[in-house]
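Colleague: Copied straight from TrEMBL:
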DOMAIN    B:23-114  domain 'CopC'
DOMAIN    B:300-398  domain 'Copper resistance protein D'
SIGNAL    B:1-22  signal peptide
TRANSMEM  B:132-158  transmembrane segment
TRANSMEM  B:170-191  transmembrane segment
TRANSMEM  B:211-230  transmembrane segment
TRANSMEM  B:237-258  transmembrane segment
TRANSMEM  B:264-287  transmembrane segment
TRANSMEM  B:308-327  transmembrane segment
TRANSMEM  B:339-360  transmembrane segment
TRANSMEM  B:381-400  transmembrane segment
Amino acid sequence: MRSCLILIAALAASPVAAHVSLETKQATIGASYKAVFTVPHGCAGSPTVKIRVQIPEGVIAVKPMPKAGWTIDLVEGKYAGEYDYHGNKLSSGVKEVAWSGGRLPDKYYDEFIMHTVLTDRLKPNTTLYFPVVQECETGVSRWIEIPAEGAGHSHEGKSPAPGVKLLPKP
Amino acid sequence: MRLLAALATLLFAAGFASGALAHAALISVEPASGSTLATAPKVVELRFNEPVTPGAIRLIDGAGRARDETRVTASGETISIAMPSDLPEGTAVVSYRVVSQDGHPVVGSLMFSIGMPSETKLPASTDHWLGALIWLARVGLYVGLFVGVGGVWFARWISWSLAGMTVPRVALAVGLSSAVVSLGALGLDLLGLPPAALAAFAPWKVAVATSAGRASLVAAAAMLFALLALRSTWSSRALAIIAMVGVGLSLAMSGHAATTPPQVIMRLAILLHGLCVALWIGALAPLAALLSKPTPAALAVVKRFSGVAMPAVGVLALTGLALAIVQLEKASALVETRYGLILSVKLALVLMLLALAALNRFRLTPVLARRGAQIILKRSILLECMISLAIFAVVAGWRFTPPPRTIVPETPLAIHIHSDKAMFQVLVSPGKAGKDDFVLQLMTGEGVPLAAKEVILTLSLPERGIEPMERGASLGPDGYWHVRKVELPFAGRWRVRIEALVSDFEKISLSDELEVPPP
């Protein structure tokens, strides 16, 4: 019943293809998550030429899916904490993924995909945000707004960061 | 003689000990005046543009009771007032009286409401009778310094006789009592006390601690020296000189002009100005007395005085002009500010005085040997005396008007937005409906300047249906972000939102409301 409510809420809240967002709106912590970033338009009509995604803390084992016509760049760095992954201690890894070199006209739609693991260090029943910077031939759209904790759903943000609702481990 | 040495040391030490800057002005208050707070503040902080000494700080709480359990601490330009822990709901008033470095009291009040506002009356500022007393004491002080000390100097250095010393003697007595009165009145004014409190030590102590108080002491010392110089001893001429220097020093120690940079030059100008006034005005009364019993010796004295008076008037005019230019900043201030108006009246009187002096010097003095000329000269000199007195009365009014230089321009609207992550200070000038300039000061939660790549200011007025207007800010050389000429078409409660891009992926946005008054 509860997850059903969350689903309804998530569906009701998702603006119709107006923002860069995550296709799968909820995920279970302690499991893998296929993050599909949907890019419905360019920046005020200008074609998209680069998508940069910041990996939030607690998300490890990031592997972007190659995409024809686009080059992938990974920025690696230290995690704030140490995570257990298949018996190995991970203290560093991918912090940012960037697709560039392609050209996505405003009138087309595309998806940028990566595989991730959501560690069980993440807090259940919160939203995990992946800030995205969309660079275009002219202009930049920053999908980086994260509502303040406890502020609830805010309509004020014009360019919210794509988020995924975290469900507790079953 | 030891007493003399001690007095002279006091005169000089006091003259140079006061390191002053400018007239203090309140810059900011935390919590902001007029704000409504959910809970009572622990501390109220007043920040001035220069270090100040707290005088009387009063708190009237929301229930209308005067509270005296506030603790006041001062450090530099900030005064912190610890509030009692049991402030009731309603509007509390903090009225403050502080002493700025130039010795002038700065007074004001601020209000904040806890829970909800209540109706409160502001306490009254300086009483009228006290203001009149301060003014009167000042006039008396000028009479003592210029007519008294100047007269004694004339007797010792120009006329070489003690003839006609009645007026200077009276002037010295008036001046000495005025010095005491002005000290007491200053103390009462600073502490906001009734006259009965003069029996206590506190107002005197506070007054002496200010530069104005010390200036009164130096003036009193100068007048005492002049009294000593009236006794015929071998040292009387030297004493007259010391007294004259004391006149200049006491004027240069305090007041608005003395605290203006470049201080050394300004003080020197005031010192010279005061010396020349004493030289000129002090001679008038003895000259008039001398001329009422015409003797051949009187003729020689008038000639000698003319020789000294000419350069003195020149120095007087030059230093006066320089001081006026610095204090006024622009000519229009002569009529637009009270300070300027006083100066205008003074200048008009001075011109009359100069005309009379010129008449005396160039028309009457050369024909002094003729019968009747001495009578005319005497009348002219008496007229000069009256005009001088009028000038003293007008100039004493400066005690109550800040010079245009120190008038702080209209305070811009200011809001302070605070979150754990950041503190944004927003200044809006002129802070009225119309075109406004915004200055954004960004700081981290710890108060360290916040480096941003991009800052956007968004304004909306929901009550009038004005949707968010977005303006990009530009980083100025001062390290603040500026948005110029922002159109705020209506008065009302505007929503202000500031977004600072601190990295590619991180943006800090804070918003608040801004009450914009009509133009």
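Placement of Cβ uses the backbone N, Cα and C atoms for every residue, glycine included.
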Colleague: Residues sitting near the transmembrane segment (B:381-400): Cβ under 8 Å, six or more positions beyond its termini, same chain?
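Modeller: Counting only partners 6 or more residues beyond its ends, the transmembrane segment (B:381-400) has Cβ contacts under 8 Å with 131, 134-135, 138-139, 142-143, 146-147, 255-256, 281, 284-285, 287-288, 291, 339, 342, 345-346, 349-350, 352-353, 356-357, 360.
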Colleague: For the domain 'Copper resistance protein D' (B:300-398), how many residues does DSSP put in helix, in strand and in coil?
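Modeller: Going through the domain 'Copper resistance protein D' (B:300-398) residue by residue, I get 89 helix, 0 strand, 10 coil.
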Colleague: What does the DSSP secondary structure composition of the domain 'CopC' (B:23-114) look like, as residue counts for helix, strand and coil?
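Modeller: Helix, strand and coil residues of the domain 'CopC' (B:23-114) number 0 helix, 54 strand, 38 coil.
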